[in-house]
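Peer 1: Straight from TrEMBL, here's the annotation block:
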DOMAIN    5-147  domain 'Cytidyltransferase-like'
BINDING   9, 10, 17, 104, 105, 106, 114, 138, 139, 140, 141, 142, 143, 144  ATP binding site
BINDING   9, 41, 89, 103  substrate binding site
SITE      17  site 'Transition state stabilizer'
């Protein structure tokens, strides 16, 4: 059985990610969609939220028709398993018996960054990396672009799975409200300081 791992931050999962995941289901017996946690970054969605969002998004893909089956930290949908790790991706690959890491590539310089990581992964654990070119229709889509558009109230339909849109809207509304509350608190403090002077 050939097992592939599709790692990423998935913050949030995009239509481009889903395209790569779906294409992997035609190439491999089992595809692990791995939320890789980067402690140096502050994500929009928590690790558990990202896993849940991906679970919902992949449940409608072909080869993901089996009933939800929870075991350990995995969530399995037919050929697709959704998991997360705070450790090295290569350690996860070794643990599940994966022989390849799959990464989607856009024409915006992804290759240079990903090639370096691919060489490290091969050196660490002998795991090869397969690069799949992005679908030209989705070439412009990235998690960063999606967040930027959504943050400013733009329409991200077609850039993300349908289940992501209301979650983005809610999260940015919460963040906006929190910023307003923080600004009001600071303003009150400033007024108190002025009154004390």
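Cβ coordinates are placed from backbone N, Cα and C, and glycine is handled just like the others.
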Peer 1: Considering only the binding-site residues 9, 17, 114, 141, which fall within 10 Å of residue 103 (substrate binding site) when distances are taken between Cα atoms?
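Peer 2: So far as Cα distances go, the binding-site residues lying within 10 Å of residue 103 (substrate binding site) are 17, 114.
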Peer 1: Have a look at the binding-site residues (89, 105, 141) and report the one with the fewest Cβ neighbours inside 10 Å.
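Peer 2: Across 89, 105, 141, these binding-site residues, the one with fewest Cβ atoms within 10 Å is 105.
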Peer 1: 10 Å Cβ neighbour count around residue 17 (ATP binding site)?
Peer 2: 24
Peer 1: Per 10 Å Cβ neighbour count, which of the binding-site residues 41, 103 ranks highest?
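Peer 2: Max Cβ neighbours within 10 Å, all protein chains included: 103.
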Peer 1: Using a 10 Å radius around its CB, how many other CB atoms surround residue 143 (ATP binding site)?
Peer 2: 20
Peer 1: Helix, strand, coil: count each for the residues of the domain 'Cytidyltransferase-like' (5-147), based on DSSP.
Peer 2: 57 helix, 36 strand, 50 coil
Peer 1: Give the distance between the Cα atoms of residue 105 (ATP binding site) and residue 41 (substrate binding site), rounded to the nearest whole Å.
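Peer 2: Rounded to a whole number, the Cα-Cα distance is 22 Å.
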Peer 1: Can you name the residues of this chain that are 6 or more positions from residue 114 (ATP binding site) yet have a C-beta less than 8 Å from its C-beta?
Peer 2: 103, 105, 129, 131
Peer 1: Reported as an integer number of Å, what is the Cα distance between residue 89 (substrate binding site) and residue 141 (ATP binding site)?
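Peer 2: Counting only the Cα atoms, the answer is 24 Å.
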